[in-house]
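Q: Got a structure for you, written out below as structure tokens; questions coming shortly.
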Amino acid sequence: MIRDTCQLPPHHHQYQYQYQYQLIFTKREEMAAVDNSYIDIHLESIQEENHSCNNNNNTNNNNSSSCSSFSTPPLPTARRVVIPKVPCKRIGNYLIGKTIGSGTSSKVKIGTHVITGKRVAVKITKPKRVKERKEIEREISILKLLKHNHIIQLFEAIYEEDRGRICLVLEYISGGELFDYIVARGRLSEKEARKFFRQILSGLIYCHENMVCHRDLKLENILVDDEGNIKISDFGYSNIIRPGCLMSTFCGSPVYAPPEILLEKKYNGNEVDIWSIGVILYSMVTGQLPWSLTDGVQVEGLDRLLKGEFKYPSNVLLTNEVKELINRMIVANPAQRIKLSEIKNHSWVNKGYDMTPDDEYNAKNQKNNSYSNPLSECVDENMPILIDAAQNRYVKVSKNSSLYASTPNLMPNLPSPRGASISVNSAPCGSPMLSGSSSPTLTTPPLSPIAMNSSTSNSTISSPSSTSSKISLFHGLFKKKQLTRLSSSNNGADADQQCNNCPSCNSSTSATTCQSSTSANTTPGGPSSPKGSSGSSGASSPTFNSSYNNLEFNNSPSSPSSSSSSSSSSSASSGNGGCCHHQQQQQQQQQQQHKQQRRFSLEDIFKAIKGKSKSKTEKLRKIKGPFTHGTTTSLSPADIIIQIENLLQSLGIKYQTNGFVFECKNEDQNDIVILEIEICRVSGMDLFGLKFRRTCGQLNSYSSVCKLVIESLQL
Ligand SMILES: Nc1ncnc2c1ncn2[C@@H]1O[C@H](COP(=O)(O)OP(=O)(O)OP(=O)(O)O)[C@@H](O)[C@H]1O
């Protein structure tokens, strides 16, 4: 109405105008996110502007009544009064509102651009260690490289020097995580799963074609927008693929990570992603995960995971086609795992579609081959995110900045994607990807044309706001701690790619990239019949733990179901806005806490599975037994340690020590055994004994390893 009746304001007022529009129609709870002083200033100027607009019209048309009758209704001054006085923070040009998500290393908050009113998600991290900072640098660099409708877009990265925070300004996805989406529905129909899977595939094909692997694909990192389209997010563990180089960083989430990662082998990032999307597809169509990580020690699950064995719940009717596809993705041997090119041509993927996912995407977007940044009017799309080489810090560079023009000491993290190419040999595999001149320069393959506004689906998906009623019908079988994150102290390390020929790959630095990871400690339990078989989901499948309020996940602030409820509660609260706002904030915090409980560091997993703290293992435990002749000795613990170390090394058994505990992994053609050998004091005697404990592996393989160790030790 404003625009129809009044002369458009001069161009330089346009943003302000849009923002006014936004403000007027924004829900109060959203307004609460906006700096009050700012609102006041703008509301004043809106009125002034409308006033002047009316005057202009009056002057021009000499018809005061026509314009005034169509003029913008006077702004409800009461609105200004009821806006809760909430202190609002600002980062760069964004006013920071409520928290919409959090990860192991970050908080994600809603942001509002001060000029356009555009909503963004601001991922705030405060890296404490160089490694963490490198990880974020990598995420920034790779996200800058990727422009695809099914991949989250990075608009800006801001370094707050004084607070040591790095803030990623991302496209805001209001629909929440795919995890919540599935939980709210129990499971997805194959048709809907296919639509999502095709979108994931098209994003992933694009990544892999551009030499980027994600390495942390999981339901929480797949977001669903309000039109029911997929956005792949969280590229914190992504990396550039260098042909011929394998990676070694221990990262990802245990239930989505393939055996090669859990066994700390060198791996190919593309193959890892394929396993993970296999787990994602399984979860979409069954409503559960193929394996679970529980509080207790359920070694059977890890055993089966390592062999790529899982089962389908008997109460879920699935087509053979989808099972066949999943069975080919979740394959323990990465070399035998289906390739992305085969997946995209698979009959299940293309059922009901004329083209493969990537072809369909490209066809839809070829008309408009420029990817438009929704914030391009206020953010310079080409604005480089620079690292000051001298000081090794981020510099936010605006167009006006002198740095923008002359950057002798600054180098862009990665070149811009279009026309860019990867020069594989430009940097040794073991060198930090994002540092200095070793940044890869791109050569292949070209990026496909992309358009911003291509909605990929006609099917209507009720946004989670309309699913709140369904939540009560929740049948999801997700359980607390199923979705966990493996993050070794070296996760996402830069130097995690190694090749045989590269000298730096053979250096001790790169060889240590995964040393601290302890895959043996992840112990998923769960279904135990062979892959492809069908079994009762009741007993062995992960079941919903009623003591843990899973439903609250669905009412998380990031899901629209909550936004509708919170908006209604906020309107009800107009009388005592401040108080209700406080309650709302508390609720949101609680919801975030619940959500946060789905994420665990490796240390958490270690503690949960091993059921003991570090201090326990650092002390020599006193144990009654039973001990045999072969497992007791009068040697001192220090001498026993030396003997055990020498023996394990000579037998080729991998191990790491944790106090008086040796965590060992023995791999042969038939089986992988993970076991612990603990040195203890024999209670009531001046003797020391060895305790053996099986963590993973078949009993007979475990027994032979124990026998071998005991016989060879000759205590
Ligand atoms: N662009 C976005 N729009 C809306 N919500 C988002 C966005 N980005 C992230 N979130 C929410 O915040 C959560 C945490 O974000 P993200 O996964 O990127 O953080 P993280 O610290 O890397 O997490 P982790 O490493 O534990 O997986 C997401 O799971 C999602 O719920």
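Here the Cβ of each residue, glycine as well, is placed from N, Cα and C on the backbone.
Automated prediction, rather than curation, is the source of TrEMBL annotations.
Heads up, here are the entries from TrEMBL:
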type	residues	note
BINDING	Lys123	ATP binding site
COMPBIAS	52-72	compositional bias 'Low complexity'
COMPBIAS	428-445	compositional bias 'Low complexity'
COMPBIAS	453-466	compositional bias 'Low complexity'
COMPBIAS	513-547	compositional bias 'Low complexity'
COMPBIAS	556-574	compositional bias 'Low complexity'
COMPBIAS	581-594	compositional bias 'Low complexity'
DOMAIN	94-349	domain 'Protein kinase'
REGION	52-73	region 'Disordered'
REGION	421-466	region 'Disordered'
REGION	513-599	region 'Disordered'
Q: I'd like the number of other C-beta atoms within 10 A of the C-beta of Lys123 (ATP binding site), please.
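A: Looking across every protein chain shown, the total is 28.
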Q: According to DSSP, does Lys123 (ATP binding site) sit in a helix, a strand, or coil?
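A: DSSP assigns Lys123 (ATP binding site) to strand.
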Q: How does the model score the domain 'Protein kinase' (94-349) in terms of mean pLDDT?
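A: Summarising the domain 'Protein kinase' (94-349) by its mean pLDDT gives 89.
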